[in-house]
Amino acid sequence: MTTAAVIVAAGRGTRAGGGVPKQWRPLAGRRVADWTLERFRAAPEIDLIALVLSPDDRAAWEAFADTPGLILARGGADRAASVRAGLTALDGRGVTRVLIHDVARPCVSGRVIADVLAALDTHDGAAPGLAVTDALWTGADGEVTGTQDRSGLFAAQTPQGFRYDAIVAAHAAHPGGTADDVEVARAAGLRVAIVPGDPDNLKITQAEDFARAERILRGDMTVRLGNGFDVHRFGPGDHVTLCGVKVPHDRGLQGHSDADVGMHAVTDAIYGALARGDIGQHFPPSDPQWKGAASDIFLRHAVELAGQMGWRVANVDCTLICERPKVGPHADRMRDVMARIMGLDRDAVSVKATTSERLGFTGREEGIAALATATLVRA
Ligand SMILES: Nc1ccn([C@@H]2O[C@H](COP(=O)(O)OP(=O)(O)OP(=O)(O)O)[C@@H](O)[C@H]2O)c(=O)n1
Ligand SMILES: C[C@](O)(CO)[C@H](O)COP(=O)(O)O
């Protein structure tokens, strides 16, 4: 089963104003589109994403051109035409389920994505909806002209999910002019389930919606913590590399890279705070290009990834566990080296050491272990 997302981002955002289409405007430290894409990249169920762009948004085409897992499609004159372009771009890729989402809904949650997909087990389509709770009026010339029955009414959200072949056929058969893809699906006779929507999953439409979305995203989580742990065994050699510093020793540390156990633990703590796996996933030991690699490559990558995801490292704390070599005389140099790599002040980087009282593998001087904690804050 291959699950794709079509994110339609070819609109002009005329109601939001601002001189730039709303998806390219800043929001809580990133662009609206970056938040939306990140939400789908973070969803474990999503295998690939088609991003539908306006031919006029040349900078976006260039920026996203070589992004792995992202297929770019040329948008049309209205939303439905852009959806069709996204669906066509997925043709021949074995897609069985597709979620269609407005780029202008950057606060969509993993819960909503999962619920829509789960409902596709029993329905041809599924979409989040919020039961209307306010009274509904009709009005004209600034006056109320009547009250509408709100029972059974829902406010429709995205992502709207469908079996891929069914929604492609439904769009091909529809003359156009629809509000959303659920309308297209129902016109083709498909059954669409309503799953609980999320009040925070707003569509940025008017200028004032940016402030609400910003509050939601910033309030989402402002601090993240991650931990890292690593061990390397001793082997032949005349030095060890710890937290980027070459320390003379009567043995070396063994590993695929330079075996910098401290820097590896710090790197893993950052990946951990981002919930993005560990060094081995990003730099597989089976790949010969990382043999003997200096570990600053890994740490730089983790810090860059944090930036791309809207986070910055605030501080790290690393504890090296070994009987020898003595770390204390080198600790400040280690802090300086790692601070420079991460773009931090030395005060935000702690390196300390302990023995294990001659107990265990570190006590027997078979290897060195390292523990690290990283704090990330919103960039
Ligand atoms: N030709 C179009 C029109 C709209 N959309 C996308 O459809 C979604 C919902 O549309 P809407 O909120 O109406 O966005 P805009 O069309 O950009 O806004 P406006 O109507 O204010 O211009 C948005 O993600 C928008 O980018 C699209 O991909 N192609
Ligand atoms: C698809 C949609 O998000 C459902 O609420 C919405 O209809 C799209 O926005 P528009 O303002 O109607 O173009």
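Placed from the backbone N, Cα and C atoms, the Cβ positions cover glycine too.
Nobody curates TrEMBL annotations by hand; they come from automatic prediction.
Annotated in TrEMBL:
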BINDING   ASP230, VAL231, HIS232, HIS256, SER257, ASP278, ILE279, GLY280, THR354, THR355, SER356, GLU357, PHE361, ARG364  4-CDP-2-C-methyl-D-erythritol 2-phosphate binding site
BINDING   ASP230, HIS232, HIS264  divalent metal cation binding site
DOMAIN    224-376  domain '2-C-methyl-D-erythritol 2,4-cyclodiphosphate synthase'
REGION    1-223  region '2-C-methyl-D-erythritol 4-phosphate cytidylyltransferase'
REGION    224-379  region '2-C-methyl-D-erythritol 2,4-cyclodiphosphate synthase'
SITE      ARG15  site 'Transition state stabilizer'
SITE      LYS22  site 'Transition state stabilizer'
SITE      ARG150  site 'Positions MEP for the nucleophilic attack'
SITE      LYS203  site 'Positions MEP for the nucleophilic attack'
SITE      HIS256  site 'Transition state stabilizer'
SITE      THR355  site 'Transition state stabilizer'
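Positions of the features from TrEMBL, shown on the structure.
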| residue | record | DSSP (3 states) |
| --- | --- | --- |
| ARG15 | site 'Transition state stabilizer' | coil |
| ARG150 | site 'Positions MEP for the nucleophilic attack' | coil |
| ASP230 | 4-CDP-2-C-methyl-D-erythritol 2-phosphate binding site | strand |
| HIS256 | site 'Transition state stabilizer' | coil |
| ILE279 | 4-CDP-2-C-methyl-D-erythritol 2-phosphate binding site | helix |
| THR354 | 4-CDP-2-C-methyl-D-erythritol 2-phosphate binding site | strand |
Alpha-carbon spacing, ILE279 (4-CDP-2-C-methyl-D-erythritol 2-phosphate binding site) to HIS264 (divalent metal cation binding site), which is rounded to whole Å: 7
Rounded inter-Cα distance in Å - LYS22 (site 'Transition state stabilizer'), ARG15 (site 'Transition state stabilizer'): 9
Span of the 4-CDP-2-C-methyl-D-erythritol 2-phosphate site, taken as the largest CA to CA distance across ASP230, VAL231, HIS232, HIS256, SER257, ASP278, ILE279, GLY280, THR354, THR355, SER356, GLU357, PHE361, ARG364 (Å, rounded to a whole number): 30
Overall pLDDT of the region '2-C-methyl-D-erythritol 2,4-cyclodiphosphate synthase' (224-379), taken as the mean: 95
Recorded sites near ligand 2 among ARG15, LYS203, HIS256 (Cβ under 6 Å): LYS203
Residue among the recorded positions SER257, THR355 whose Cβ has the most other Cβ atoms within 10 Å: SER257
Entries of ARG15, ASP230, HIS264, ILE279, THR355, PHE361 (recorded positions) sitting next to ligand 1, with Cβ under 6 Å as the cut-off: ARG15
Recorded sites near HIS232 (4-CDP-2-C-methyl-D-erythritol 2-phosphate binding site) (Cα-Cα within 10 Å), from ARG15, ARG150, LYS203, THR355: none
For PHE361 (4-CDP-2-C-methyl-D-erythritol 2-phosphate binding site): DSSP state (helix, strand, coil): helix
